[in-house]
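A short worksheet on the structure shown next.
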Amino acid sequence: MASTDDPAGQRPSRAEAIVAHAEQSISEDAIVAAARERAVDIGAGAVTPAVGALLSVLARLTEAKAVVEVGTGAGVSGLWLLSGMREDGVLTTIDVEPEHQRIAKQAFIEAGIGPSRTRLISGRAQEVLTRLADESYDLVFIDGDPADQPQFVVEGVRLLRPGGAIVVHRAALGGRAGDAAANDAEVSAVREAARLIAEDERLTPVLVPLGDGLLVAARD
C-alpha cells in the first residue's frame, strides 16, 4: 500500500511540500520558542518560523536602523526583526492590546535587548502611524487586521525611506485573496492594499507564499 502524508490520504501538492520544507528548515532559539508558546496562551497571532527568518533577512539587507511593526503580539516577529537590525537599531511596535505588549517586552528582556532598542506604543495603529515622520523608516512590517490593510499600506509607504521595504502579512488569506469567487469585505481590503502597492511606481513588489502570504515591496 502506498504511504500518504496526511490523515485524509492525500499527498500534499508540490507547492505545499515546498512551503512545508521551508518552514521545517528553520530552527528557533529557546527565547523565540518561549515567546511563541506565550502567543498561543494569550491568543495572539505569531508569524511562522520561515516568515520570521525572512523578516530578519530583510532587516539585514536594508541595514535597518528604524523599523515599524503593526501588531506586536507576544514579540515573536519583533525578536526576528531585531535579530537582523543594526545593533543601534530601534524597533517601534504598535498594538492595541497593552497585555500583549507587556508580554512582548518580557521576551525582549529575556533576549538581552536593551530598552533603548524598542519603543512599544499601545494604541490603534490607524492613529499611531499618522503621527510618525515621513521617510524615516527602513522597514515597515504590517501584521494587523486585514480589513485595515489599505490604510496601513498608505501610511506605511509614506514612512519608508528610499531603499526601504514594506512587508504585508496575511496577503493571501488562505488563498481567498486569489479566489475570483471570494468578494467579502476582508478579501476586498486585501486586494485593495495589493493594488495600492502594485500601482505605486516607486515600489517593486513580490508575493511570497510563506505564512498566510507576504506581500513584500522595495521602494526605489
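Using the three backbone atoms N, Cα and C, a Cβ is placed for every residue, glycine included.
Residues annotated as S-adenosyl-L-methionine binding site in Swiss-Prot: Val47, Glu69, Gly71, Thr72, Ser77, Asp95, Val96, Asp145. Within its own chain, Val96 (S-adenosyl-L-methionine binding site) has Ser122, Gly123, Arg124, Ala125 as residues 6 or more apart in sequence whose C-beta sits under 8 angstroms from its own. In the three-state DSSP scheme, Val96 (S-adenosyl-L-methionine binding site) falls into the coil class.
DSSP assigns Asp143 (substrate binding site) to coil in the three-state reduction, outside any helix or strand. The Cβ neighbour count for Asp143 (substrate binding site), using a 10 Å radius and every protein chain shown, is 28. Residues or ranges marked as substrate binding site by Swiss-Prot on the basis of similarity to another entry: Asp143.
Here Asp143 (substrate binding site) is positioned 5 angstrom away from Gly71 (S-adenosyl-L-methionine binding site), judged by their C-alpha atoms. Note: the CA-CA distance between Asp95 (S-adenosyl-L-methionine binding site) and Asp143 (substrate binding site) rounds to 10 Å. Cβ neighbours of Thr72 (S-adenosyl-L-methionine binding site) (same chain, under 8 Å, six or more residues apart in sequence): Gly78, Thr93, Ile94, Asp95, Glu97, His100, Gln101, Ala104, Leu120. Taking only the Cα positions, the spacing between Val47 (S-adenosyl-L-methionine binding site) and Asp143 (substrate binding site) is 9 angstrom.
It is Ser77 that, of the binding-site residues Val47, Ser77, has its Cβ surrounded by the most other Cβ atoms within 10 Å.
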